[in-house]
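If you look up Swiss-Prot, you'll see 69-79 marked as motif ''HIGH' region'. What Swiss-Prot records for 589 is L-isoleucyl-5'-AMP binding site, and it gives sequence analysis as the kind of evidence. Per Swiss-Prot, motif ''KMSKS' region' is recorded for 630-634. For 633, the entry in Swiss-Prot reads ATP binding site, with the evidence type sequence analysis. Among the features that Swiss-Prot reports, Zn(2+) binding site is placed at 915, 918, 932, 935.
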């Protein structure tokens, strides 16, 4: 009777208080938007960045040199992608134990700021050119830049980017301006700079020359014309009195025509069209006749090679205007003339094209400088003088003044419209023209007189340096190589006010610029004291000293191309802070910087030092919306990073960045970020589980690794494999792979497998009779502790806020997780044989799980614990499964292994009773609610 009462009491008892359930105050709901600023404040208070510098002093240094964003406006999603990617790389390199300083910087000179400041003066009814002196204007530009530097600094810090924010580099700092001017002097002293009049890309809106890096291309519709030039003289009698036909997409250049070009090896024909004779390339005759609307016969009167046209002379269609227009137009042989389009004869205006300029120069034909800096022909020009902008569609239209005048004299044969790509200013978006103006250039193909690359050219030095740099992705090398091979000399002068001046004095008699180190030293000393404003307010005689008279020298009024500014950052940031000769390990920017910062930095460093300023270059793509479209406010598909941060937190943005294949263009939308948030929640919940599961864990509880059960050893094997793969991903900057590997390990190997199997041990292998738990439970928690230390570090470079939150939750007095180094993962944990064995076990477990699931849905079994499975396997698989408790691994009541040739897999509901504490269905449980042997043991029953 007493035994019966004891059994009844056992069954009736509530065993829940004896079961360990993971408990933690770590919130499931992240609340990142509120939590992250608190963590930022902690980092600021503890000066985490400086702690790292002190801790890593003497360690291997890794310099990721920051390409300067422009100090104008709030940050956009492209900025966020760039800065977060940089921070992930720097934090991961820091995790490897390296000293990774980060000096953020800003590009502060240039047109966008000038425009904004000009607007401010206009609102005050002031004319910038007449009412404001250069120094006053520059000071206002400086104030404007300071405002946006301060604004963007706070926005970048909110992304979690760690750096020397209190001491950034600015291209407008006095020391920076002095060093930029000093870099220019290196080029001038070695004879690499020259002044020349040649066609450069010119913005009539901004009234300045632009470099290739400042040019965007957009499709436009242009008026094209077929135009006849009368041939007045030739050694081929048939040609005299006939007409050479040219085709052009720029009618506005005709008023400056100086010659006609032919291809020496091209076949030409003179044809009779209704009594008039016209010269075309034979290969383009059919297309040309269609364009001018000729449908009848076209008898060939003469056929010959272009070389035979040498010495022929034509007259300008507007020759009756006299003067310039009455001068003869010679035929010139040009290798650039092809039969790809047009007529095979090209009109030459040396003011408005590189090929035109070079061919005419070779024949002593000079440009005429007919178009002013505002894009209008000079008022004294005999045709089109003082009329509208040459880029105006009205000027170039078929019914515009140029075409109308040419039609009136009978020279215009046809007009049409061509849809094609055309250069535009990347800032104003206005169409550009080629315009011949006096500019300052850095020569690419002139052998250097002295210095680091004496006897070599800048182009050959740069191309050699490209081969010595690591490019990520590899295609970046081909891209910049092609650009450097084909680019013209670098035009470094700008006709503006806000920038570093070209600190040269030109001899008024010889035209040579002064190369005197003493003069240069005085200039640089003044710049260090009062900035580049010194050039604009100086008594230049003080700079020249006693050796030279100001009346003999003209100070240059142009400023430097801003790309020379940013191209010099390796000098005034990297070398200035870390020692002369120091090179950055990495430059990282968008793919457009192959023609921008990567290239200007390469040319500047190669010209002054003979090598690239970087060891490796990594590029990322542009940000597009979820459908692959460019973001546009008018379309309404812009993602504002600040809004995302305020709603979801910076860690969501950081995880999105890491998840992308940023070597290509990347997509972002609300839907994309929603998917990122789902992935984040899974990782966060796994950390929450670890914190709860490790509650109360102590060193005394640890089990020697040699004594771990096989499953735990297998998990450590997977961890060792993961560790190696993550390390490789860091070194290859492959963070999308890094995040995928980390997420897959946590979600698939841990949450869905290891944690699932071992939750019974965690919950139920501890009690009053076993306060520290069984050996198996302690082994599990030992591995959980190893996993925690590894995973929180692995996550830290990407989820910098969440990793800190997790770490401090468990170790509130341990300092920042970002002060720790890469986890110590023993390579001996790798066990290929064990890995192969457990791959088989997991494969069979998956088969069992998939077979049970339909029965759970149909409520034939309530959970897998109620299932008995008959599993047919071959002998080799049976041996593997028999070596482990496969029922425990499948979380089932029982697994019966049978020969593979027998029946198919079956699942039945077990007849075993359910333990009242652990809920397992086991043979020793006498009836539902009674305890199994294990539970009796740990609770002391």
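Including glycine, each Cβ sits where the backbone N, Cα and C put it.
Recorded features from Swiss-Prot, shown on the structure.
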residue: 589; record: L-isoleucyl-5'-AMP binding site; Cβ contacts under 8 Å, 6 or more apart: 67, 82, 596, 597, 598, 619, 620
residue: 633; record: ATP binding site; Cβ contacts under 8 Å, 6 or more apart: none
residue: 915; record: Zn(2+) binding site; Cβ contacts under 8 Å, 6 or more apart: 921, 922, 925, 930, 931, 932, 935
residue: 918; record: Zn(2+) binding site; Cβ contacts under 8 Å, 6 or more apart: 19, 760, 763, 764, 932, 934, 935
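Residue 932 (Zn(2+) binding site) falls within neither a helix nor a strand when secondary structure is assigned with DSSP, and so counts as coil. The local packing around residue 932 (Zn(2+) binding site), expressed as other Cβ atoms within 10 Å of its Cβ over all shown chains, amounts to 23. Excluding 915, 918, 932, 935, which define the Zn(2+) site, the same chain contributes 764, 916, 917, 919, 920, 922, 925, 931, 933, 934, 936 within 8 Å (Cβ to the Cβ centroid), listed in sequence order.
Mean pLDDT of the predicted structure over the motif ''KMSKS' region' (630-634): 79.
For the motif ''KMSKS' region' (630-634), the DSSP-based tally of helix, strand and coil residues reads 0 helix, 1 strand, 4 coil. Note on residue 935 (Zn(2+) binding site): other Cβ atoms within 10 Å of its Cβ, all shown chains, come to 24. The helix, strand and coil residue counts that DSSP assigns across the motif ''HIGH' region' (69-79) are 3 helix, 1 strand, 7 coil. Under the three-state DSSP scheme, residue 915 (Zn(2+) binding site) falls in the coil class.
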